[in-house]
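First up is the structure itself, then whatever we jot down about it.
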Amino acid sequence: MENSCKNVYITTPIYYVNDVAHIGHAYTTIIADTVARYSRLIGADTFLLTGTDEHGQKIAQSAEARGKTPKEYADEISGKFRKLWDDFDITYDKFIRTTDEEHKIGVQKAFETMYNKGDIYKGDYEGYYCVSCETFFTEKQLVDEQFCPDCGKPTNIVKEESFFFRLSKYEDRLLKWYEENEDCILPRAKKNEIINFVKGGLKDLSISRTSFDWGVKLPESINEPKHVMYVWLDALMNYITALGYGTDEKNMNYWPAKIHLVGKDILRFHSIYWPAFLMSLELPLPEHIAAHGWWTRDGDKMSKSKGNVVNPKEVADAYGLDAFRYFMLREVPFGQDGDFSQKALIDRINSDLGNDLGNLLNRISGMSGKYFDYKVTSKDVERFHKKELDEVNEILANVESYIYKMQLNRYLEDIWKVLTIANKAIGDYEPWTKMKEGKEDEAMALVALITNIMARVALLLDSVMPEKISKIAASLGIKIDTVTYKKLLVNKELLEDTTITKVEQLFPRIEELLLEQAKPTDVSKTETEEKSCKNESTVLEEDNLITIDKFFETTLRIGTIVEAQEVPKSSKLLKLQVDLGEGRNRQILAGIKEYYDASSLVGTQACVVANLKPAKLMGMLSEGMLLAARDENGLSLVRPETSKKSGTKIS
Ligand code: MSP
């Protein structure tokens with residue numbers, strides 16, 4: 001209970017508003033939410049922050065490309081992020097936007113403080129800038145003299161008047177901080193990379209821009225109206241302005257942050273610039289800056305151009321939010337890259353959640369019902385099962401340390417060890433045999449042992465799967481709160497007499513993929529995902545080019561839709577019978593219900609991917625796929641200009 005009395009402040013990165021949320025954003029936010037929920041449960045005064053990063057050249061360009069003002073555009077996308085986190089029941093205490101007035105005032109105050117201290121000076125910047133990463137580079141850092149070393153996109157030459165932050169002044173203090181605080185950057189391997197980078201020498205950082213105006217103005221006292229702040233200075237300050245820095249400082253008692261959660265691509269900003277800014281402001285430094293890895297899909301890098309970006313809402317809607325949360329946290333050791341595949345998710349659901357957890361609950365309710373009319377008493381547990389109980393308590397005594405070191409996969413692994421002890425005990429002690437032998441007290445002790453284990457597991461899993469755990473808690477008649485946590489997990493007490501209630505199966509077995517695989521039509525694409533900077537539109541990503549032979553591996557044919565029906569309970573799917581000139585119709589499930597009336601499709605033609613492996617969607621066979629295109633005005637099927645014979649090959 002190291003944190004039970006202290007304040008715990010946890011932050012996610014603030015997300016750029018040039019893209020809607022994808023699995024990577026969901027991952028960071030789910031980890032942060034889990035740690036926040038856990039902290040609250042153990043009694044810590046907790047503050048979870050998330051929000052959106054809305055200034056800078058990238059956002060200004062994205063807005064312009066859509067004919068919107070940056071603010072209109074930011075309002076729209078920021079609203080989508082917030083809605084998603086609300087749908088995901090993320091327990092944020094504040095959702096900050098960098099366009100909030102309080103934030104701007106706070107950032108200006110920070111700038112002024114650093115300026116008055118002599119840490120900021122005016123000069124001229126000459127170098128390269130990657131709009132996509134919002135990062136300055138020197139010529140030496142570029143790849144092939146032109147490309148961004150981080151994202152590979154072309155950089156722009158920048159030559160403009162700029163204010164600079166004396167980053168070089170903080171080099172030694174940063175190195176000292178890394179050295180004295182073992183876990184200040186997690187995981188350790190990443191920390192070493194940062195240390196080596198800093199040892200290589202730090203240059204002063206350009207922190208204002210004059211070539212565009214979508215940003216926070218410099219403080220009036222400095223009287224430089226043509227400068228706006230560099231977006232990373234503006235963005236990093238959100239961690240203190242959200243607590244009221246520079247305005248109403250009432251929440252500054254949460255500072256310093258316990259954990260800043262970030263992706264590995266933005267660790268440098270957080271572990272070099274941010275602590276240096278804080279040193280300049282004479283504020284305490286965060287306890288941990290934790291960098292997670294990147295997610296791929298089915299082994300492939302996710303990219304908008306490939307159309308294989310995982311939409312977290314779709315996955316959660318199809319497989320359940322709690323299962324998705326569990327999968328993300330369990331599947332990948334923190335800091336490593338992870339791969340999302342529906343198969344891996346289904347395996348976790350069927351095996352870990354269905355077999356190990358869900359079935360154990362069913363067995364508790366089955367046995368307690370059959371033998372003891374659902375009444376369970378713990379009075380003989382220590383007498384017959386001291387060994388198992390001690391083992392369980394010992395494993396669980398260590399799990400808290402995993403949470404704050406971000407080793408959530410190990411946290412879950414240990415909880416699963418405990419579930420294994422419970423499941424094994426049933427096989428070892430066979431309560432049904434004990435009942436036959438008239439040893440009711442032994443059978444009761446076993447049922448009570450697993451009930452007590454399940455109660456501990458429920459408390460620990462509540463932060464990961466709050467919805468399902470509320471059902472387990474209701475079934476065991478326990479409360480998930482700090483008092484119960486202290487009683488069972490800190491004081492290691494046993495439950496009072498409990499009455500078990502039957503519950504429905506928590507994780508029904510899943511036999512087939514519930515979502516369509518990545519689609520060439522890119523129907524999953526979002527309306528905001530066109531090029532985020534103009535340069536990009538002219539660049540073909542080398543790894544996306546294919547040979548003509550590869551293209552011809554896909555057989556495209558004209559299909560005539562002869563029947564169309566809505567799929568009940570699906571907001572997206574229509575069930576179509578399509579004639580491809582094969583002497584029989586093919587059944588194709590298409591995610592176009594939001595855009596087409598079933599009846600309007602009958603008799604029309606569409607382009608069909610004809611050699612796609614059949615797949616089952618919502619229990620129904622789909623033997624192909626229709627091509628469609630989607631932009632901000634909606635979705636259209638791709639059709640021949642004039643009617644063609646069913647089955648005509650497209651090339
Ligand atoms: N706005 C900055 C952060 C400022 S924080 C003061 C930013 N925004 S972002 O929207 O581009 O990225 C937000 C987070 O999403 C980053 O932590 C990034 O690592 C993460 N991810 C983006 N794509 C990802 C994956 N494919 N997988 C996992 N996380 C990834 O950077």
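Each Cβ is built from the backbone N, Cα and C atoms, and glycine gets one as well.
Because TrEMBL annotations are produced automatically, they should be read as predictions rather than curated entries.
Note that the structure is a prediction, hence the values are computed from the model and not measured.
Within the listed segments 301-305, 376-380, 531-535, TrEMBL records motif ''KMSKS' region' for the stretch 301-305. Range with TrEMBL annotation motif ''HIGH' region', chosen from 15-25, 125-135, 257-267, 598-608, is 15-25.
When Cβ atoms from all protein chains are considered, those within 10 Å of CYS151 (Zn(2+) binding site) total 14, not counting its own. Same-chain residues that are not part of CYS130, CYS133, CYS148, CYS151 yet have a Cβ within 8 Å of the Cβ center of the Zn(2+) site turn out to be VAL131, SER132, THR135, PHE137, PRO149, ASP150, GLY152, LYS153, THR155.
Close to CYS148 (Zn(2+) binding site) in the fold, though at least 6 residues off in sequence, lie CYS130, SER132, CYS133, THR135, PHE137, LEU142, PRO154, THR155, each with a CB less than 8 Å from its CB.
Listed binding-site residues: CYS130, CYS133; maximum Cβ neighbour count within 10 Å falls on CYS130.
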